[in-house]
Amino acid sequence: MTRPVHLRLSHLGLAFLGGALGTAAREAISLSLPPLGGVPWAILTVNILGAFLLGLLLDSLARSGPDEGWRRRTRILVGTGFMGGFTTYSALAADTAGLLGADPGGASNPGLGLAYGVGTVLIGGLATFAGIATATTLRRGGGEVDEATDGLPNEPDVRDEDAADAGPDASADRHPGSAR
């Protein structure tokens, strides 16, 4: 019986490595982009950028074939790991609460807090949609696509270096969106 993906040490290592790199990237942006006018611009930036990049990545991977082999490793390393460490909705919540006045030592600005919290979530959703749309445009090469196939690739070539993942019970840990 094949172990579930979330219990495989190699996949946990990929998520850990990606998370460490994503956290380092977020910290670099935080140090280079200080709060201005009470708005934590660094957190806003990483969350919006992360939402866009995650939409781009996941749509690209989903359209390129089943969630196995290099696609699965990329999703775990970059999607779960890097983007998970890069984005920080806990800091968004803490910053929003501080602006709303929940932090007794902080500068309260309820209007700004509401705009920051709701705006980040709404713009993040739009950024995710933009990432998906960008992936679609890149996949199509910027041109028109045959309507019959919607630009989807043919059945992927299953020969890849992670064939060990495809044991007899591989369908149990296959991504729900991939059909075989």
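Glycine residues also receive a Cβ, built from the backbone N, Cα and C atoms like all the rest.
As the structure is a computational prediction, the values presented were derived from the model and not from experiment.
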Quiz item: Looking at 74-94, 158-178, which one is transmembrane segment according to TrEMBL?
Solution: 74-94
Quiz prompt | Folded-back contacts onto the transmembrane segment (41-62), same chain, C-beta under 8 angstroms, at least six residues removed | solution = 25-26, 29-30, 32-35, 71, 74-75, 78-79, 83, 86-89, 91-92, 95, 116, 120, 123-125, 127-132, 134-136, 138-139, 175, 177-178
Practice problem: Report, as numbers and ranges, which residues of the same chain sit near the transmembrane segment (114-133): CB under 8 Å and 6 or more residues beyond its ends. | Solution: 39-40, 44, 47-49, 51-59, 92-93, 95-96, 99-100
Self-check item: THR87 (Na(+) binding site) CB neighbourhood, other CB atoms within 10 A
Solution: 22
Quiz prompt | Residues near GLY84 (Na(+) binding site) in space but at least six apart in sequence (CB under 8 A) | solution = ALA15, GLY18, GLY19, GLY22
